[in-house]
Amino acid sequence: MAVIQKHGKSYSPDLVCLKENHPPDKTGVAGGHKKCPEHHTNWSRPVARVWTVVLLLGTCLLYCARVAMPICAVSMAEKFNWTKRESGMVLGSFFWGYCFTQVFGGYVSDRVGGEKVLLLAAAAWGSMTAFTPILAHLCSQPILSMTLARFLMGLLQGVHYPSLASLCSQKVVESERGFLMSTVGSGSYLGTLLIGGAGSLMLDLYGWESVFYISGFMSVLWAYCMWKYLLKGEGPLISLESLGSGGSQSKLTKRHWLRLFKQRAVWAVIVTHLCTASTYFTLLSWLPTFFKESFPDAKGWVFNVIPWLVAIPSSLFSGCLSDHLISQGVDTVSVRKLMQFFSMGVSSVFTFLLCGNTTFLWAVAFVSATMGLTTFSHRYRHPLFIMVYFSGYLIEATGSWASVFALITTVNLLGLFTFLAFAEARRVDIDSSKIRHHNIHI
C-alpha cells in the first residue's frame, strides 16, 4: 500500500511494489522479493488524464452517497421517532464499518489492481445507497436496518482511498502523482457540495427517499461506465489465485512493524490523524442537523453548500502554499507544522465561537471558516467512529450544541499539541540494511 502525503510530495511507491535495482536472485532464496507484475506498467499521459476525470467523478459520487444520510437525518428522525442518541448510532455506524476495510482494501488492490477494487466496491455501495429507503420502510425496526445498512456502507467505502493510493503508485509516473491525487481528492469536497445543494432541494421537493435513490443510481451508473468503457467489459475481475499471489511482499513489513511503532513521530502522526479525522467527520455528520434545529427557517441548500464552496479553493490554496514555502527553502517539518496549526489550531477558534449564541449568517461564516481551514491538512481520513455517536449522546444529555463544539475544539487542540511536540519530517527506515529501498516519510 502507498503512503501519500500532501505537503512535501513524499510518495513511496516502494511500499506498493518493492523493486530492487540489482539483478534478481536466481537461487530462489526464501524472502526474496518478486518482481512487479507486468500489469503495473504506467499509464500514458492521455490515459492518465482520462482516469483522473473518472476517479474525480467517482470520489465525488462516493461523498454524495456518504453524506446522503447526514443530509436526511433530521427528516428520518422525525419520520421514525429517533432520539439524538439513536441518530448518533445510525450516523456513527458508518465509521464502524469504514475502519475495518482500510488495510484489506490496500492489500487486495496491490495484488489485483486498484481499479478493479474501486469498480466492485462502487457497484456495491451504490446499490446499498439506492436500497436504503426500501430497507427503512420494510423493516419493522428502522433503527436496526439503518444501522446495519450504514455499517455495510462503511465496509464497502472503506476500500476507496487505499485502492486509489495503490492504483496511483502502480499506474502513474511519479512526476504526475501529485496532480492526480490532489485533483481526485478534491472530489470529496465537490461531492459534499453537490449533495448539499441538490440533495437539499430534492429533500424539500420530493422527500428524503429521493436523495438516496438518485445518489445510489448515479454511483452504479458510474461503475457500469467504468467497466464498459475503461476496463472494456473484461471478464472475472478478481480471482482467488491473484489474491494469494505476492505473499513475499509482506515479509519485510511483518518483521519490522515493531521497530516502526517505536518511533515517537509515528505515534504523533497517528494521534493527530485520529483527532483531525474524528472532528472532521463529526462536523460532517452533525452540521446539517445543527442548522436545521437551530435555524428552522433557513434553506438547506445554503448551509449545506457555502462551507464547501469555501473548502474547495482553500484546499487548492493550501497545497500551492505548502509547495511554494518548500521551494523557497523552508524546511519540510516547519511547513507541515504550519499547515497543521491552521488546520487544527486556527479552525478551532471558529468552532469554539459556535458555542455561543449566533445569528444564522455568523454561524454559516464560522462553519465555512472551520471547514476551509481544515483542508490545510487534507489527508485520507480514517475516523475515530465513537466520537460521532458520543456527540449525539452529549446533545441529548445536555440539550445544547455547545458541548459538541467544545468537544471538537478540545480534541483538535490535543492533536495539534501532539503534532507540534513530536512530529518530524525525516525518513523512518524499517530495514536498515536496505536504506534506499524501504522507507517511510513521516
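The backbone N, Cα and C atoms fix where each Cβ goes, and this holds for glycine too.
The annotation domain 'Major facilitator superfamily (MFS) profile' is assigned in TrEMBL to 51-442. The transmembrane segment feature in TrEMBL is assigned to 50-69, 89-108, 117-136, 148-167, 179-199, 211-231, 265-286, 306-326, 338-354, 401-423.
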>> Over the span of the domain 'Major facilitator superfamily (MFS) profile' (51-442), how high is the average pLDDT in this prediction?
In response: 87
> What parts of the chain pack near the transmembrane segment (265-286), using Cβ distances under 8 Å and only residues at least 6 beyond its ends?
Replying inline: 67, 70, 73, 91-92, 95, 192, 340, 343-344, 351, 367, 370-371, 374, 377, 379, 381-384, 387-388, 391-392, 404, 408, 411-412, 414-416, 418-419, 421-424, 426, 428, 442
> Do at least three C-beta pairs under 8 angstroms join the transmembrane segment (89-108) to the transmembrane segment (148-167), pairs 6 or more apart in sequence?
Replying inline: yes
> Which one, 117-136, 179-199, 338-354, has the most C-beta pairs under 8 Å toward the transmembrane segment (211-231)?
Replying inline: 117-136
>> Applying the under-8 angstroms CB criterion, which one of 50-69, 117-136, 148-167, 306-326, 338-354 scores highest with the transmembrane segment (179-199)?
In response: 50-69
> When you scan the chain for residues with a C-beta under 8 Å from the transmembrane segment (306-326), skipping those not six or more beyond its ends, what do you find?
Replying inline: 6-9, 182, 185-186, 189-190, 192-193, 196, 287, 332, 334-336, 338-339, 342, 364, 367-378
>> Using Cβ atoms and a strict cutoff of less than 8 Å, what residues sit near the transmembrane segment (50-69) while being 6 or more residues removed from its termini?
In response: 43, 76, 90-91, 94, 118, 122, 125-126, 129, 132, 146, 150, 153, 157, 160, 164, 167, 171, 179-180, 183-192, 194-196, 199, 211-212, 215-216, 218-219, 222, 226, 230, 284
